Amino acid sequence: MRAGRVRPLRASDMKKDVRILLVGEPRVGKTSLIMSLVSEEFPEEVPPRAEEITIPADVTPERVPTHIVDYSEAEQSDEQLHQEISQANVICIVYAVNNKHSIDKVTSRWIPLINERTDKDSRLPLILVGNKSDLVEYSSMETILPIMNQYTEIETCVECSAKNLKNISELFYYAQKAVLHPTGPLYCPEEKEMKPACIKALTRIFKISDQDNDGTLNDAELNFFQRICFNTPLAPQALEDVKNVVRKHLSDGVADSGLTLRGFLFLHTLFIQRGRHETTWTVLRRFGYDDDLDLTPEYLFPLLKIPPDCTTELNHHAYLFLQSTFDKHDLDRDCALSPDELKDLFQVFPYIPWGPDVNNTVCTNERGWITYQGFLSQWTLTTYLDVQRCLEYLGYLGYSILTEQESQASAITVTRDKKIDLQKKQTQRNVFRCNVIGVKGCGKTGVLQSLLGRNLMRQKKIRDDHKSYYAINTVYVYGQEKYLLLHDISESEFLTEAETICDVVCLVYDVTNPKSFEYCARIFKQHFMDSRIPCLIVAAKSDLHEVKQEHSISPTDFCRKHKMPPPQAFTCNTADAPSKDIFVKLTTMAMYPHVTQADLKSSTFWLRASFGATVFAVVGFAMYRALLKQR
């Protein structure tokens, strides 16, 4: 890993400009330093104070505009000094190497004054500048080094001469570097080691870059890392040289010809100790970090415009990325993520994003572990319900870096307005939301869990505090794989506007409860009778004795009157997985809301949809097993 040609940083990667303030005792040469930099010669006549100088971005090494500000005690008040300190990004404290009084004032006046005027948690970086080195034969470093060790905010010390133009450009480069690539957040000089926040950030970067999850960065992974950070690959000999440096200092820094996490952290410690912390900062910023080593909002939440009546879905590239993420962490190749494997996956997150309810929202295996299909389903649900959170999660996984896209927004498809779908009588959507409505205890949970293939026996094992109000799984309609998202709507007198927004409604009543259907009928009349949202009535617990419903007309007559499909008998009290017929019907109705009620009542219509579902479920399963064998 070497710096090479640095990737052009985005505007959000670092500060938009740098403001350098020069302070110090009178006549130490502050103004001369600025004028020597600008004119490239020592000024014969020096004014009391130089005007503010702006160096354009195109002539600075870091391509950032730089403002240089002079301070004159004779011309400016204390209030003006305090204001300049508050506006500065870095402060150069200038002393004359031949003037002990000016050196003493560095610690007795200037550092305390600056620290009083800045926030304790975000101290300004300081540069100590020993001017007039042309007047002495000795160095002031022996005097200055103890000061540097005492104050961690001091980035570096530079001895220079405005008269001989010695180290003038270097001085301002170091000042600029102290702002854009500060040492403070990365390294603790007293302990001679990286700070915990830096180790944490670099560990996440290592985990993302270790694409086969074997605990080392092999040559291909190192080359990819080098290219995305520095826009240049490493020659085979250069790669070997890097590993040899690590081997020389660490017995466990290289394993199986790959760089271990310890070796990776050691390399960055070495960069920082050798004054090459811009290399580490380039890596950190490429992976989304700001100066405080937090992931930036611009990185986690890229701009994504979502017009009204549009939904959000993952596109093909996002699913490929998530499939590779699953494969990376499914170490035992059982097509499910164990708690330890899931924990390993979420190590690049600042928190565990999924609670125990997720295991009852998507498909799991017999041990309750999220399956391959369940994993993709949960991401589909998050994208649909809370796309900002999806962008955040993809950011933690390094989506834009590993796929070499501008941002996570490239993983999202924003569907067209639903009104256009209705006009054109076709939809391009792949995710359909079904609100499941009914009184408490009518069997809504049974409907949701049946979508995941769980019968009543399996449902009884679910703890109350682990229950989910959502369930999502794939459903095949006319040979097309779609996601059906069920949402259990709590019983209430009236539904909120948000509770009426969906693609299809499933009205559930309990055949053993005579008062159950009344609620379904009332909610239908209040909210859906005059809407264009298709509705399906489900007669739950159909394996039990049916009682007459206390309503003016029977459920069957109600459906006939309102031109709805007849009530669908449903039970989850089965030996095997419950029937998926109602889910095919619900998805079909969501896909084709314009289809006439006569068609919906036609057995031929449902037969075509169900036949397609059966054939493609079998084909899909066969393809899935083939993929697993390859994996």
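For all residues, glycine too, the Cβ spot is worked out from N, Cα and C.
Small disclaimer: the values here were computed from a predicted structure and weren't measured.
Per Swiss-Prot, GTP 1 binding site is recorded for Arg27, Gly29, Lys30, Thr31, Ser32, Ser72, Asn131, Lys132, Asp134, Ala162, Lys163, and the stated evidence type is similarity to another entry. Secondary structure at Ser32 (GTP 1 binding site), as computed by DSSP, is helix. Of all Cβ atoms in the protein chains displayed, 21 besides its own lie within 10 Å of the Cβ of Ser32 (GTP 1 binding site).
DSSP gives Asp70 (Mg(2+) 1 binding site) a strand state. With a cut-off of 8 Å between CB atoms and residues at least 6 apart in sequence, the same chain places Leu22, Lys30, Thr31, Ile34, Arg49, Ala50, Glu51, Glu52 near Asp70 (Mg(2+) 1 binding site), listed in sequence order. The Mg(2+) 1 binding site feature in Swiss-Prot is assigned to Thr31, Pro48, Asp70.
Summarising the annotation, Swiss-Prot assigns Ca(2+) 1 binding site to Asp210, Asp212, Asp214, Thr216, Glu221. Sequence-distant contacts of Asp214 (Ca(2+) 1 binding site), defined as residues of its own chain at least six apart whose C-beta falls under 8 angstroms from its C-beta, comprise Asp256, Gly258. A coil conformation is recorded for Asp214 (Ca(2+) 1 binding site) in the three-state DSSP classification, outside any helix or strand.
Every protein chain considered, the tally of other Cβ atoms within 10 Å of the Cβ of Glu341 (Ca(2+) 2 binding site) stands at 20. Residues or ranges marked as Ca(2+) 2 binding site in Swiss-Prot: Asp330, Asp332, Asp334, Ala336, Glu341.
DSSP gives Gly441 (Mg(2+) 2 binding site) a coil state; it is part of no helix or strand. Of all Cβ atoms in the shown protein chains, 13 besides its own fall within 10 Å of the Cβ of Gly441 (Mg(2+) 2 binding site). If you look up Swiss-Prot, you'll see Gly441 marked as Mg(2+) 2 binding site, on the strength of similarity to another entry.
As annotated by Swiss-Prot, GTP 2 binding site applies to Gly441, Cys442, Gly443, Lys444, Thr445, Gly446, Lys460, Lys541, Asp543, Thr571, Cys572, with the evidence given as similarity to another entry.
The DSSP secondary structure for Lys166 (ubiquitin cross-link) is strand. Of all Cβ atoms in the shown protein chains, 16 besides its own fall within 10 Å of the Cβ of Lys166 (ubiquitin cross-link). The ubiquitin cross-link feature in Swiss-Prot is assigned to Lys166 (among others).
In the structure as shown, the Cβ atom of Lys248 (ubiquitin cross-link) sits within 10 Å of 8 other Cβ atoms. Residues annotated as ubiquitin cross-link in Swiss-Prot, with similarity to another entry given as evidence: Lys248 (among others).
The local packing around Lys585 (ubiquitin cross-link), expressed as other Cβ atoms within 10 Å of its Cβ over all shown chains, amounts to 24. Residues annotated as ubiquitin cross-link in Swiss-Prot: Lys585 (among others).
Marked as domain 'EF-hand 1' by Swiss-Prot on the basis of sequence analysis: 197-232. With a cut-off of 8 Å between Cβ atoms, the residues of this chain six or more beyond the domain 'EF-hand 1' (197-232) that come close are 1-7, 185-187, 239, 242, 254-261, 264-265, 268, 280, 282-284, 286-287, 289, 293, 324, 328-329, 331, 344, 347-348, 396-398, 401-402, 404.
The average pLDDT the prediction assigns to the domain 'EF-hand 2' (317-352) is 97. Taken from Swiss-Prot, the feature domain 'EF-hand 2' applies to 317-352.
Summarising the annotation, Swiss-Prot assigns domain 'Miro 2' to 429-592 and lists sequence analysis as the type of evidence.
Counted within 10 Å of its Cβ, the other Cβ atoms near Lys105 (N6-acetyllysine) come to 19, all protein chains included. In the three-state DSSP scheme, Lys105 (N6-acetyllysine) falls into the helix class. The feature N6-acetyllysine is assigned by Swiss-Prot to Lys105.
The feature transmembrane segment is assigned by Swiss-Prot to 606-628, with sequence analysis given as support.
Shown in sequence order, Lys30, Ile34, Val46, Pro47, Arg49, Ala50, Tyr71, Ser72, Glu75 are the same-chain residues outside Thr31, Pro48, Asp70 whose Cβ sits within 8 Å of the Cβ centre of the Mg(2+) 1 site. Following the DSSP three-state reduction, the secondary structure of Lys248 (ubiquitin cross-link) is helix. With respect to Lys166 (ubiquitin cross-link), the closest of these recorded positions in Cα terms is Lys105, chosen from Lys105, Glu221, Thr445. If you measure from the Cα atom of Lys248 (ubiquitin cross-link) to that of Glu341 (Ca(2+) 2 binding site), you get 33 Å. Take the binding-site residues Arg27, Lys460: by the count of other Cβ atoms within 10 Å of each Cβ, the lowest one is Lys460.
Across the structure, Asp210 (Ca(2+) 1 binding site) and Asp330 (Ca(2+) 2 binding site) place their CA atoms 14 angstrom apart. Within 8 A of the CB centroid of the Ca(2+) 1 site residues Asp210, Asp212, Asp214, Thr216, Glu221, the other residues of that chain are Ser209, Gln211, Asn213, Gly215, Leu217, Asn218, Gly258.
Each of the binding-site residues Pro48, Gly443 was scored by the number of other CB atoms within 10 Å of its CB, and the largest score is that of Gly443.
In the three-state DSSP assignment, the secondary structure recorded for Asn131 (GTP 1 binding site) is strand.
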